[in-house]
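What TrEMBL says about this one:
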type: BINDING; residues: 52, 121; note: Fe-coproporphyrin III binding site
type: BINDING; residues: 178, 266; note: Fe(2+) binding site
Ligand SMILES: CC1=C(CCC(=O)O)c2cc3nc(cc4[nH]c(cc5[nH]c(cc1n2)c(C)c5CCC(=O)O)c(CCC(=O)O)c4C)C(CCC(=O)O)=C3C
Ligand SMILES: [Fe+2]
């Protein structure tokens, strides 16, 4: 085997009240997020005593992957590092170097392309290797998996369970992913592909899940809009959409957070709280499907992606859309792929 470790690379989240502001400052540094928005998001975290479940969920996922690796006889120690909170990826890669790791695979906890979902993880890899210097291990990132059969099946089964919760009503299936600025979506993927790789992949994953369920009518909407109000982001927002569905006579919503792999704060606050509350206020049924992290197929998926690299296992994907994100040492996967937005270029936003 030509790899000697697996690095689990994620977003990170606070683990106590004193972590909240420094974490949010890490996330938003230089990104034009207004202080009002920051204060509002800090409140969301304080509802949970300043603890995001994301680090715990990542640790659980890593334990499941370690078991799966052992079961399949793959010897690969797993390390955990984050972009925005401890364990910070710089520290983790330092530790990997000290342990003598030379060449590691990297699993980033997002299924999609796009700047925030993919290329920013390459920037994390670059930063971490630069912080370690000469001894830094080679870091090879695993591909995007939005259309992997195990990802689609785990979501489809979770949606089935959510349907059972709302019962036999006139129900609409609504897929949700994290909103991004429309300019960031337009710039996602290599330019020759025509952009919008992020929203196209989200739409395709949603289509695949709906197809597996035999559901013909469904919607794809967005959540957790941030940034300056002057900058356009992908719409509609899930909460507004629930209101619109109510106006159309829909009586219940099954919401599938297709854009995320675990029940972290943006899921448990923006969906389980805000969206659920809106539905309740309107007298609508509401259920949210579980994210793949809680499904044994997620660990199997990660190990399958590892084996694609270590032993040329078959690349399983259900769509014909391009799958990028497989990169070495933080280089982008194609020229100009998912370039970060040039900040003040967008409509009238001085600060964005
Ligand atoms: C596409 C995408 C994903 C999915 C891909 C992936 O999973 O990587 C994602 C995941 C997440 N986003 C998260 C949290 C936050 N995102 C923020 C801000 C932003 N997200 C953006 C995009 C995305 N974000 C963008 C374009 C911004 C604006 C600032 C910027 O241009 O970068 C902010 C700042 C405050 C605010 O919301 O205004 C917070 C706190 C958490 C952790 C939750 C927890 O703690 O449990 C997770 C997993
Ligand atoms: Fe985010």
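Including glycine, each Cβ sits where the backbone N, Cα and C put it.
What TrEMBL annotates, mapped onto the structure for a quick look.
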{"residue": "52", "record": "Fe-coproporphyrin III binding site", "Cβ within 10 Å": "24"}
{"residue": "121", "record": "Fe-coproporphyrin III binding site", "Cβ within 10 Å": "25"}
{"residue": "178", "record": "Fe(2+) binding site", "Cβ within 10 Å": "24"}
{"residue": "266", "record": "Fe(2+) binding site", "Cβ within 10 Å": "21"}
Legend entry - Cα-to-Cα gap, residue 178 (Fe(2+) binding site) vs residue 52 (Fe-coproporphyrin III binding site), nearest whole Å: 17
Legend entry - C-alpha spacing of residue 52 (Fe-coproporphyrin III binding site) relative to residue 266 (Fe(2+) binding site), in angstrom: 9
Inset, instruction - Reduce the DSSP letter at residue 266 (Fe(2+) binding site) to three states and note it down. - result: helix
